[in-house]
Structures are given as C-alpha cells and as structure tokens.
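Colleague: Dumping what TrEMBL says about this protein:
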- A:6-109: domain 'Dihydrodipicolinate reductase N-terminal' (DOMAIN)
- A:Gly11, A:Ala12, A:Ala13, A:Gly14, A:Arg15, A:Met16, A:Gly79, A:Thr80, A:Thr81, A:Ala106, A:Pro107, A:Asn108, A:Phe109: NAD(+) binding site (BINDING)
- A:113-243: domain 'Dihydrodipicolinate reductase C-terminal' (DOMAIN)
- A:His136: active site, proton donor/acceptor (ACT_SITE)
- A:His137, A:Gly146, A:Thr147: (S)-2,3,4,5-tetrahydrodipicolinate binding site (BINDING)
- A:Lys140: active site, proton donor (ACT_SITE)
Protein chains: 4
Amino acid sequence: MSEKLAVAVLGAAGRMGSEAVAAVEAAEDMELVAALGRTDPLETLVSAGARYVVDLTVPDSTEANVRFAVEHGMHAVVGTTGWDAERLGRLADLLETSPGTGVLIAPNFALGSVLASAFAAKAARYFESVELIELHHPDKVDAPSGTAVRTAQLIAAARAEAGVAASPDATATALDGARGAEVDGVHVHSVRLRGLVAHQEVLLGGPGEQLTIRHDSFDRASFMPGVLLGLRQVAGHPGLTVGLDGYLNLND
Amino acid sequence: MSEKLAVAVLGAAGRMGSEAVAAVEAAEDMELVAALGRTDPLETLVSAGARYVVDLTVPDSTEANVRFAVEHGMHAVVGTTGWDAERLGRLADLLETSPGTGVLIAPNFALGSVLASAFAAKAARYFESVELIELHHPDKVDAPSGTAVRTAQLIAAARAEAGVAASPDATATALDGARGAEVDGVHVHSVRLRGLVAHQEVLLGGPGEQLTIRHDSFDRASFMPGVLLGLRQVAGHPGLTVGLDGYLNLND
Amino acid sequence: MSEKLAVAVLGAAGRMGSEAVAAVEAAEDMELVAALGRTDPLETLVSAGARYVVDLTVPDSTEANVRFAVEHGMHAVVGTTGWDAERLGRLADLLETSPGTGVLIAPNFALGSVLASAFAAKAARYFESVELIELHHPDKVDAPSGTAVRTAQLIAAARAEAGVAASPDATATALDGARGAEVDGVHVHSVRLRGLVAHQEVLLGGPGEQLTIRHDSFDRASFMPGVLLGLRQVAGHPGLTVGLDGYLNLND
Amino acid sequence: MSEKLAVAVLGAAGRMGSEAVAAVEAAEDMELVAALGRTDPLETLVSAGARYVVDLTVPDSTEANVRFAVEHGMHAVVGTTGWDAERLGRLADLLETSPGTGVLIAPNFALGSVLASAFAAKAARYFESVELIELHHPDKVDAPSGTAVRTAQLIAAARAEAGVAASPDATATALDGARGAEVDGVHVHSVRLRGLVAHQEVLLGGPGEQLTIRHDSFDRASFMPGVLLGLRQVAGHPGLTVGLDGYLNLND
C-alpha cells in the first residue's frame with residue numbers, strides 16, 4: 001500500500017488556507033501533519049514531518065516560506081501572489097542545489113480556468129475573429145480582470161506566432177467604450193452584475209461557425225482540486241514550474 | 001369557410017420583399033394578389049383587388065404607398081424605415097378619415113427580438129443590476145446596434161419609473177472601454193465576430209441569481225412570422241399602431 | 001415618516017428562516033419583532049406586536065400558523081410547501097371573515113425564476129418550437145425538477161389556449177432518452193453536474209431565430225428579495241394570492 | 001514567389017462541392033484547374049494538371065476517385081463518408097507504393113467542431129462530471145447526432161484511460177428520458193428546435209466551477225476553412241491521415 005503524502009498548510013487561518021486544510025483532510029491519499037498560522041514557527045514543519053508544503057500566505061512571507069521548505073527538501077505548492085522575476089530567479093538558483101525537490105507556483109488553481117485559457121490560445125490560431133467577455137460581481141475594483149488580461153495576452157501571442165491577421169472590424173461610428181478595451185489587439189468586455197462570482201467567455205468566430213469556451217467560478221472550492229493535483233504531482237516535477245498547466249497533460 | 005386575405009407586396013424585388021412574397025404564397029390563409037416593384041403603378045393594387053398591403057420599399061416612397069393604401073381602404077403592414085414624428089402625425093390624421101382601416105408600422109418584425117425587449121424592460125424593475133451585450137458580424141459599421149440602444153432606453157425608462165437605483169459598480173481602475181458604452185446609464189457591450197448574424201443578450205442580476213434573456217437572429221426568415229402575424233391582426237386594430245408589440249398579448 | 005413593518009419569522013432556525021431573519025433585519029423599512037422556532041408558542045406573535053408573518057416552517061404546521069395569523073389580522077407571506085387544494089380552500093374561506101388581511105402563498109420566491117416562467121409561457125404562443133433544459137447539482141434525487149415540470153405545464157397550457165401545434169420533430173431513430181422527458185408534450189432535459197446549484201433554460205425557436213430565457217440560482221440568498229417584496233405588498237393585496245407573479249406588474 | 005496549388009474538385013455540382021469550388025476560387029494561393037461532376041471522366045484530372053484533389057462525392061465512387069488520385073501522385077482531401085476499416089486498409093497499402101503522396105480523410109471539416117471535441121476529451125480527465133447537449137433543426141431524423149456520439153465516446157475513453165470515476169448522479173425518481181441517453185456512460189441530451197442548424201455543448205463540472213465548450217455551425221460555409229487548411233497541409237503529411245485534428249497543432 002502506498003504511503004500517504006505528509007502535507008503542511010501555511011496560512012491555514014486564511015480563507016483559502018482553511019479551505020486547503022479541509023481539502024487535504026478529506027483526501028484519502030494525504031495526511032495533514034501541520035496547519036500553521038502567521039505566528040507559528042517554520043521549524044514546526046520539520047518536527048511535524050512535513051514532506052509537502054502548501055503556501056497560501058501573503059506576498060511578504062511567501063518567499064521565506066518556500067526557501068525554508070526547499071532547504072529542508074520539502075516540495076512546495078504555492079498560491080500566494082507576489083512572485084516577480086527577481087524572486088523566481090532566486091528560487092530557481094536555490095532549486096539547483098536541491099535537484100530532487102519540486103516547486104509549483106500557480107497564479108490560478110481553478111482547473112477549468114487554466115484549461116479554458118490554454119484551449120483559447122490553441123484555438124485562436126484557427127479563427128478569423130476572437131473576443132473575450134469577463135463577468136464578475138459589482139464589488140470588483142478593476143476591469144478587465146487579471147485573468148482576462150492574461151488570457152488575451154496568450155491569445156494575441158498565439159495569433160502573432162501563427163501569423164493570423166487582426167480580427168476584422170468595420171466599426172466606423174461607435175459610442176465611447178462600446179467595442180470594449182483592447183489588450184494586445186484583442187477586444188475585452190467587462191460585465192459587472194450582482195449575483196455573479198467570476199466568469200469568463202472566449203468567443204471565436206469563422207465563416208459560418210462559432211467556438212465558445214466559458215469558465216464559471218462559483219466559489220473558492222473551485223481551487224482545491226487544483227491544489228490537490230499539484231500536491232500529487234509536484235514530486236514528479238523537480239525544479240521550478242510556473243502555472244498549473246505545466247502539470248496538465250494537454251499535449252496527449 | 002373563411003376567405004383568404006388578399007395581400008399585395010410592395011418592394012417585391014428587394015431582399016425583404018422577396019422573402020415576404022414567398023411567405024405570403026406559403027401561408028394557407030392568404031392569397032398573393034400583387035407583387036409590385038419600384039416602377040409598377042400603385043393603381044395595380046386596386047385592379048388586383050388587394051385588401052392588405054405589405055410595404056417593404058424605401059424611405060422615399062413608403063409614405064406615398066401607405067397613404068394610397070389607406071385612401072383605398074386597404075390595411076397596411078409596414079417594415080420600411082424613415083417614419084419620423086411628422087410623417088406619423090400626417091398618417092394618423094389621414095386614418096381618422098378612414099376609421100375602419102388599420103396600419104402597423106414596425107421597426108422590427110422578429111417576434112423573438114420584440115418579445116426579448118419587452119421582457120427585459122419588465123424584468124429590469126426587479127433586479128439590482130442590468131447590462132446588455134449585443135453581438136454581430138464584423139461588417140457592421142455602427143456600435144452599439146440600433147436595437148441595443150432602443151432596448152437599453154426601454155430598460156432605463158422602466159427602472160426610472162419604478163425608482164430603481166443605478167446598477168452598482170465599484171470599478172476604480174479600468175482599461176479604456178472595458179466597461180462598455182453607457183446608454184441612459186445602462187452598460188452596453190458590442191462584440192463583432194465572423195460567423196455571427198445579429199444576437200442580443202440582456203443580463204439581469206440580484207443577490208444569488210441571474211436572469212438572462214437572449215435573442216438570436218440567424219437569418220432574414222426570422223422577420224416573416226411577424227409580418228404574417230401583422231397581416232392577420234391589422235384589420236382588428238384600426239388606426240395607427242407603432243411596434244409589433246402592440247399586437248402581442250403580453251399582458252394576458 | 002412612514003412606520004416600519006413589524007415582521008415575525010416562523011421557522012427562524014431553519015436554513016431559509018435564518019436567511020429571512022437576516023434579510024428582514026437588514027431591510028430599512030422593516031423591524032423584526034419576533035423569530036420563532038418550532039417550540040415557541042404562537043401567542044408570542046401577539047405579544048410581540050407582529051403585523052406581518054413570514055412562514056418558512058414545515059408542511060405539518062404551516063396551516064395552523066397561517067390560520068392563527070389571519071385570525072389575529074396579521075398578513076402572511078408563506079414559503080412552506082404542502083398547500084393542496086383542500087387547505088387553500090379552507091384558507092380562502094377564513095379570509096372572507098377577515099377582508100382586510102392578505103396572504104401570499106408562493107412555491108418559489110426567486111424573482112428571476114418567477115419572471116422566467118411567466119415570460120416563457122407568454123412567448124411560447126409565438127414560436128414553432130419550445131424545449132426546456134434544467135441543470136442541477138448531482139445530489140438532486142428527482143428529475144425533472146418541480147420548477148421545470150410547472151414551467152412546462154404553463155407553456156403547454158398557453159400553447160393549447162392559443163391553438164399552437166406541437167413542436168415539430170422528425171426524429172425517426174433515437175437512443176433511449178435522447179429526446180428527454182415529455183411533460184404535456186414539452187420536451188424537458190435534466191442535466192446533473194457537480195458545481196451547479198439550480199438553473200433552467202427555456203429555448204424557443206422559429207424560422208431563422210431563437211429566444212432563450214435562462215435563470216440561474218446560485219444561492220438561497222436569491223429568495224430574499226422576493227420575500228421582502230411579498231412583505232411590502234401583501235397588505236395591498238387582501239385575500240389569498242398564490243404565486244409571487246400575482247404581485248409583479250407583468251402586465252404594465 | 002510560391003506557385004499556386006493546382007486543385008480539382010470532384011462532386012463539384014453537389015451542395016458541398018459547389019461551396020468548395022467557390023472557396024478554392026477565392027483562395028489567393030490556389031488555382032481551380034478542374035471541377036468534375038458525376039459523369040466527367042477522371043482522366044480530366046491528368047489533362048488539367050491537378051496536383052490536389054478534393055473529393056466531395058458519394059460513398060460509391062469515393063474509393064475509386066482517391067485511388068486514381070494516388071496512382072497519379074495527386075494529394076487528396078476527402079470529405080465523403082463511407083470509408084470503413086477495409087477501405088482504409090486498402091488505401092494505406094496503396095499509399096506505401098507512393099510514399100510522397102498524402103491523403104486526408106475527415107468526417108468533419110468544421111475547425112471549431114474538431115477543436116471542441118479534442119478539448120472536451122482533454123478536459124474530461126480533470127472534472128468530476130461531464131454531460132453533453134446537442135441542438136439541431138427539427139427535420140433531423142436521428143438523435144443523438146453522429147458528432148455527439150463520437151464526442152461522447154472520445155470523452156468516455158479519455159476518462160477511462162485516466163481512471164476517472166463515472167459522473168455522480170443521485171437521481172432516484174425520474175420521468176422516462178429526463179436524464180438523456182447514455183453513450184459509454186456519458187449522458188447526452190438532444191434538443192430539436194426550428195431556427196437552429198447544428199450546435200453542441202459539452203458541460204464539465206467540478207466543485208465550485210464549470211467549464212463549457214460550445215460549437216455552433218450556422219452554415220455549410222463553416223466547412224471550407226477546414227478544406228482549405230487540409231489542401232495547404234496535405235503534401236506535408238505524406239501517407240494516410242484520418243481526422244482533421246491530425247493537422248492541427250493541438251500539442252504545441
């Protein structure tokens with residue numbers, strides 16, 4: 001019988017962290033060996049026997065947490081933001097000294113969202129037109145969403161590489177804003193509606209046909225299957241991986 | 001057995017007119033007695049025994065056509081644009097001299113589109129948030145579409161009358177255009193995509209729920225059921241009616 | 001300044017009841033004067049000065065609760081199920097003895113759902129084809145949902161009254177179940193999917209066009225605006241009203 | 001400057017064939033050198049100098065057409081049905097004698113449809129639930145559509161290979177047909193609606209999230225970009241390829 005993964009959650013008192021604690025406890029192939037809050041010492045990871053660390057803390061502490069894990073040979077799955085190029089470079093250097101250790105840093109753990117973005121970029125090479133609609137609750141302060149901007153950038157890059165022309169648009173007279181924002185030439189529309197959570201739709205059109213790829217996030221629970229998948233695969237991916245799509249077999 | 005309606009089509013060589021000719025010929029309760037092109041004399045209507053006239057011509061000739069019909073006691077169903085307040089006033093005056101005659105002037109004969117606008121305005125009184133997305137082929141030169149602008153105006157008027165506050169929106173930083181155009185305070189987003197024809201979606205949101213009313217026009221054939229419905233009901237609605245919704249029993 | 005509505009909630013410890021308690025407390029024009037659980041005596045309603053009662057209890061106790069309210073001149077808004085024709089008849093008789101008192105019995109308080117059903121029935125008279133898709137979480141034990149069955153019945157009744165033929169269907173060879181269930185001749189399809197809550201889509205089709213009316217319930221919070229609307233209007237609708245649509249001005 | 005592709009269309013008088021003739025004529029990198037009907041001799045392909053053949057004929061003649069092309073070193077793009085295992089085997093044998101020649105046999109040339117099926121199969125490994133809805137015009141005689149059956153089979157195979165459990169379903173009481181047809185354990189729902197052409201939606205659900213992949217075919221024009229893509233790539237794929245997805249870089 002295979003042993004259970006010994007998992008510790010950092011940031012266990014936060015909204016995402018407490019969901020992760022529950023998800024790890026519910027997973028039959030995992031054992032929760034530690035759940036640390038802001039003031040708990042990292043040494044607890046060692047004494048608890050953690051082999052896997054989930055970091056869902058804050059930008060100020062995530063780098064120190066992950067370095068501690070790697071230095072102790074623990075694999076890490078990281079959902080905290082704030083990993084810029086400089087931090088990533090330092091972490092990659094550190095990982096060279098611990099060649100069997102894996103770290104996954106993912107801005108988004110919702111499997112559906114990661115898949116939707118990857119599919120949209122693949123498909124965008126084959127369609128004359130592509131636009132993007134994202135829909136969120138009305139308390140959101142930025143528009144478009146970060147996910148929508150990243151998806152549009154992926155789409156634009158895939159089209160540029162494939163030599164696809166810009167989406168056709170004969171608009172000659174328009175009300176200000178009607179045609180949305182442009183992100184690298186891709187039109188992006190942001191809807192804000194009470195009752196919604198986080199939703200995104202990529203529309204691709206060619207002569208006589210349309211392909212639509214839509215993702216709906218109804219609740220934070222949507223991140224947990226991605227966190228568990230990360231924990232199950234991180235040991236098999238030594239070194240640094242950025243983005244959960246690196247673990248999805250999209251090319252099979 | 002009830003007699004067939006004796007129908008004449010004006011503008012019979014045009015795109016809409018030729019569809020109307022085919023639709024009238026296929027209707028079991030109608031007889032096509034005349035199909036007139038641009039140069040055919042209106043007197044043909046009399047000699048052919050027309051009792052009902054469908055006008056699908058051009059703004060320059062529609063007023064004279066309809067006046068001729070009314071003066072000869074023929075009911076008229078009119079899809080031609082160009083009927084401003086002045087023309088409508090003159091027509092209403094004329095109809096007072098012919099009290100049994102009915103005229104329907106409709107900017108839109110797609111039943112689904114007319115119903116969608118009416119439902120959206122009714123529902124908009126009960127929801128915290130409402131936004132509108134219209135989607136068309138990329139050869140369209142204006143944005144938003146005329147139908148979208150009219151629908152947004154209807155929605156805004158219904159909310160104002162019911163005392164509903166503006167849709168909430170916490171957006172603080174936005175890319176230019178991301179939140180769409182505002183029509184009387186209603187956000188309207190215009191998508192342009194190869195493969196599409198004419199589509200519109202009204203999104204209404206409240207705590208924990210969403211209502212979506214969507215209309216898709218795939219083809220000009222969508223106007224014909226509305227034209228036939230108009231012909232069947234115009235004699236029962238003497239005087240001037242503007243808008244097909246005046247014939248739909250939305251209040252039953 | 002207008003006085004606040006004095007509201008009591010029966011079944012306050014239940015899932016719906018506790019939401020109602022919170023909603024009444026948050027409403028600026030209402031005051032929560034009592035919140036009763038299963039074992040609390042109904043006399044508390046009198047001593048607390050309740051003028052409005054929300055009943056969200058169980059089928060076994062709802063009739064006695066509502067009778068008590070009416071006998072004490074309190075208006076009642078009722079979301080509990082179990083009101084068959086016999087109970088409704090007895091209640092109507094009782095209300096004749098208290099002509100100024102209003103009771104609303106509603107199987108569904110989600111405004112969007114009530115509107116969607118009403119619109120679907122109105123529209124179904126004008127389209128050649130209509131089908132219904134309902135989508136729920138996979139722990140639901142019945143299919144189709146009760147709301148879907150009621151909506152299909154409303155649609156079928158509206159079409160029958162308007163003399164509309166059955167939706168066309170040339171299917172000659174089909175896998176068992178592919179074409180869904182038939183409810184009064186309307187095809188109904190039930191999807192069960194992890195992540196969903198309660199969703200329903202009515203699809204109406206005619207030559208070259210489609211009208212889609214979709215309702216999404218993401219969360220029980222969606223019932224509260226309907227409960228509050230009921231409380232605000234019940235005094236203005238003396239006697240018995242069944243269905244929240246009786247309070248919505250769908251015919252304006 | 002690169003030379004134009006010398007293309008011949010077989011079955012040029014048919015519905016698909018005449019679209020292909022128009023598409024090839026409109027393509028700047030192609031020259032239509034022959035357009036053959038049922039009674040035209042295949043030798044015309046040689047005298048016309050065809051290097052590429054599009055076969056859009058009938059099951060009875062497609063094999064002889066393709067063999068003639070291969071024997072004369074012409075590449076072939078084939079949309080005709082009727083290629084069973086035996087025919088494919090004979091063709092593969094023939095192609096071994098002509099190693100530089102390519103043949104593409106594709107049951108579906110709509111890029112969006114091919115992509116949608118491929119994406120659905122990839123994604124189905126990562127979601128707890130998956131169901132399929134296909135929607136067509138009401139004159140269709142079979143349900144579910146062939147494309148829906150194939151997509152469901154691809155999904156089922158991908159889940160089986162990945163060891164994913166069956167989609168959860170607590171349904172205990174159901175109207176006959178409500179839960180759709182089962183194809184290899186995947187629930188498939190068939191909607192028939194006037195106004196529609198051919199549409200398919202794969203719904204994937206996990207805790208708190210949904211991924212939807214939808215394809216709409218509005219018109220036969222949707223097949224032509226796939227036919228042109230096939231012509232441009234067939235020479236670069238010597239031997240036999242079945243399915244347009246073999247030419248799409250889905251694994252980049």
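Cβ atoms here come from the backbone N, Cα and C positions, even for glycine.
Could you tell me the structural context for the features on the list?
Modeller: Summarising model confidence by region, the domain 'Dihydrodipicolinate reductase N-terminal' (A:6-109) averages a pLDDT of 96.
Every protein chain considered, the tally of other Cβ atoms within 10 Å of the Cβ of A:Ala13 (NAD(+) binding site) stands at 14. DSSP gives A:Ala13 (NAD(+) binding site) a coil state; it is part of no helix or strand.
Residues within less than 8 Å, Cβ to Cβ, of A:His136 (active site, proton donor/acceptor) and separated from it by at least 6 positions along the same chain comprise A:Ser145, A:Ser190, A:Val191, A:Arg192, A:Leu193, A:Leu196, A:Val197, A:Ala198, A:His199.
For A:Gly146 ((S)-2,3,4,5-tetrahydrodipicolinate binding site), the count of additional Cβ atoms within 10 Å of its Cβ stands at 12 [all protein chains shown].
Counting every protein chain shown, the Cβ of A:Lys140 (active site, proton donor) has 18 other Cβ atoms within 10 Å. Annotation note: A:Lys140 (active site, proton donor) sits in a coil segment as assigned by DSSP.
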Colleague: Check the DSSP secondary structure of A:Gly146 ((S)-2,3,4,5-tetrahydrodipicolinate binding site), expressed as helix, strand or coil.
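Modeller: Assignment for A:Gly146 ((S)-2,3,4,5-tetrahydrodipicolinate binding site) reads helix.
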Colleague: Identify, among the binding-site residues A:Gly11, A:Gly79, A:Pro107, the residue whose Cβ has the fewest other Cβ atoms within 10 Å in this structure.
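Modeller: A:Pro107, out of the binding-site residues A:Gly11, A:Gly79, A:Pro107, has the fewest neighbouring Cβ atoms within 10 Å.
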Colleague: Over the span of the domain 'Dihydrodipicolinate reductase C-terminal' (A:113-243), count residues by DSSP class, listing helix, strand and coil in order.
Modeller: 48 helix, 44 strand, 39 coil
Colleague: From the recorded positions A:Ala13, A:Arg15, A:Gly79, A:Pro107, A:His136, A:Lys140, keep only those with a C-beta under 8 angstroms from any C-beta in chain B, and list them in sequence order.
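Modeller: Near chain B - Cβ to Cβ under 8 Å - we find A:Lys140.
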Colleague: By a simple count of other Cβ atoms within 10 Å, which of A:Arg15, A:His137, the binding-site residues in the record, is least packed?
Modeller: A:Arg15
Colleague: Near A:Thr147 ((S)-2,3,4,5-tetrahydrodipicolinate binding site), how many other Cβ atoms are within 10 Å of its Cβ?
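Modeller: A:Thr147 ((S)-2,3,4,5-tetrahydrodipicolinate binding site) is surrounded by 22 other Cβ atoms within 10 Å.
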Colleague: Distance check, please: Cα of A:Ala13 (NAD(+) binding site) against Cα of A:Lys140 (active site, proton donor), rounded to an integer number of angstrom.
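Modeller: For A:Ala13 (NAD(+) binding site) versus A:Lys140 (active site, proton donor), the Cα atoms are 24 Å apart.
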Colleague: Counting Cβ atoms within 10 Å across all protein chains shown, which of the binding-site residues A:Thr81, A:Phe109 comes out on top?
Modeller: A:Phe109
